[in-house]
Amino acid sequence: MTRLFGTDGVRGLANEVLTAPLALKLGAAAAHVLTAEKRVDGRRPVAIVGRDPRVSGEMLAAALSAGMASQGVDVIRVGVIPTPAVAFLTDDYGADMGVMISASHNPMPDNGIKFFSAGGHKLPDHVEDEIERVMDSLPAEGPTGHGVGRVIEEATDAQDRYLEHLKEAVPTSLEGIKIVVDAANGAASVVAPKAYEAAGATVIAIHNKPDSYNINMDCGSTHIDQVQAAVLKHGADLGLAHDGDADRCLAVDKDGNLIDGDQIMAMLAIAMKENGELRKNTLVGTVMSNLGLKIAMDEAGITLRTTKVGDRYVLEDLNAGGFSLGGEQSGHIVLPDHGTTGDGTLTGLSIMARMAETGKSLGELAQAMTVLPQVLINVPVSDKSTIVSHPSVVAAIAEAEAELGSTGRVLLRASGTEELFRVMVEAGDKEQARRIAGRLSAVVAEV
C-alpha cells in the first residue's frame, strides 16, 4: 500500500486525490493520535487550523475541523496565514495540535494537509504512520453532548501575535532598505509586507492580491524572474520571493542576481558564528546543498552536516544535535531559536538585518560562497521505487562520477511530493554539468 504521507504532509489534486471525506478521516485520526494523552481531568484538547488562499482550502478546512471536533477537539480557525505562523500559534495558544492546509509551491488545483504536534513541531514518520493506521479503524461513534468539540471561526488576534513574534525575533531597524516582495498571491500576501514595513523597510509588494485561483501563478519563488524584473524596475536594494505557504524565501540582489537558500545559509552562518550564535559551529543542510557551500563552510571553520531533502529532516537533525541554523537550497531556512519550521518572512528579516548591521549590499554578503554550476532536471516517472537500482541507471551514474572525479558530484533522488525523479549534477563548468545531467535524465526516462 502506498504511503499517504509524503515528505511534507498529505498532498494531491484537491477533490480528486485529497477529498473532503479523506480530510474528515484524517482530521479524526490525527486528533485521536495527537491528543489521546491530553484528555485528563475533563480537559478538552485544542487544535489550530490555518490555510493558504487557494479555492479548495475552505472545503478542506471544514472537513478537517469536523473530523477533529468529532473526536472532542476544539478547533480554532486562524484563516489565511503562513505555515510557520500556524506552527508558532500552535505553541503560542498552548494548543495540542496544529494543521496547515496548503500545497506550498504546487499549482492552484492541488492542496495539502500538514500536521504539527504540541509546541508546533512537524510529525516524525512513525506518528504519521500511526495516523494512517487508525484512519480506517476509528469507531463511527464519538463523544456526545458536552464531549463534542467546537469550531471557533477566525481568531482575530492570530496575525498580530505572529507579527509581534517576528518583531521580537529580529528587532534590527531596516530603515533605509528598499525591498520588493513577491508574495506569490499566497499565505504571506498580507503578513510579509506588514512585517517588513513594521521593521522600517520601504516595501513594494507584488503578487499580493490572492483571489482563490492565482496562487503561484507565474509568480513567487518558482518564478523568480518576476521579482528580478521588479527589483531592477524600482531600483530596490533587494527582492524576496515567497512560495504559496511562505515557509521559504529566495532573494535577489540589487542587480537582479538570484541568491538561493545555500547562499543565504552561508551568509547567516558566518554572521551567527561572528556573533557567537552558531551553536557547535555547525550548519545543517541537505544532500542537495551546493558543493560550494561545503567549501565555504570549511574555509570559515564551520561544519556542514547534510540530511535527506525536506525541512522536516533538517529540523530533526537540528533538534537532535542542538544546532541553531539549517535549511535547504530551495529557501527553507530554519532558525530553531525563533521557530520550529522554515519561515520565509523571518528569513527575509534576517537577511535585511545582516545588511543593516554590516552596511553591505546583499550581493556583497552573497560572496560568502561561490556557487558551483549545478543542473537539476525533473524527470516524470511512473514508479519512483525502481529507478536507482536499475542496472542501466547504476551504470550511467558510475560513468558520470568517473568523468567528474573530485570536481563535481551526481545525485539522483525521488521527489517526495510529486511523481518525479530529480537528476542533479554539479561540475566545474555549466556545459559539462548540463551534458551529464541530460545523459542521465535520458536513461532515467527510459526505465
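Here, residue 1 is simply the first one shown, and the rest follow in order.
Just so you know, glycine gets a Cβ as well, placed from its N, Cα and C.
Record note: Swiss-Prot gives D243, D245, D247 as Mg(2+)-binding, and the candidate from S104, S385, S389 in that site is S104. Counting only same-chain residues at least 6 apart in sequence, those with a Cβ under 8 Å from the Cβ of D243 (Mg(2+) binding site) are S104, H105, A184, G186, N216, G220, S221, T222, G331, G344.
Cβ neighbour count for D245 (Mg(2+) binding site): 34 (other Cβ atoms within 10 Å of its Cβ, all protein chains included).
In the three-state DSSP assignment, the secondary structure recorded for D243 (Mg(2+) binding site) is coil. Report note: the Mg(2+) site is defined by S104, D243, D245, D247, and the residues of the same chain whose CB lies within 8 Å of the CB centroid of those residues, excluding them, are D52, P82, T83, S102, H105, G186, A187, H242, G244, A246, R248, G344.
Within the group of recorded positions (S104, D247), the Cβ with the highest number of other Cβ atoms inside 10 Å belongs to D247.
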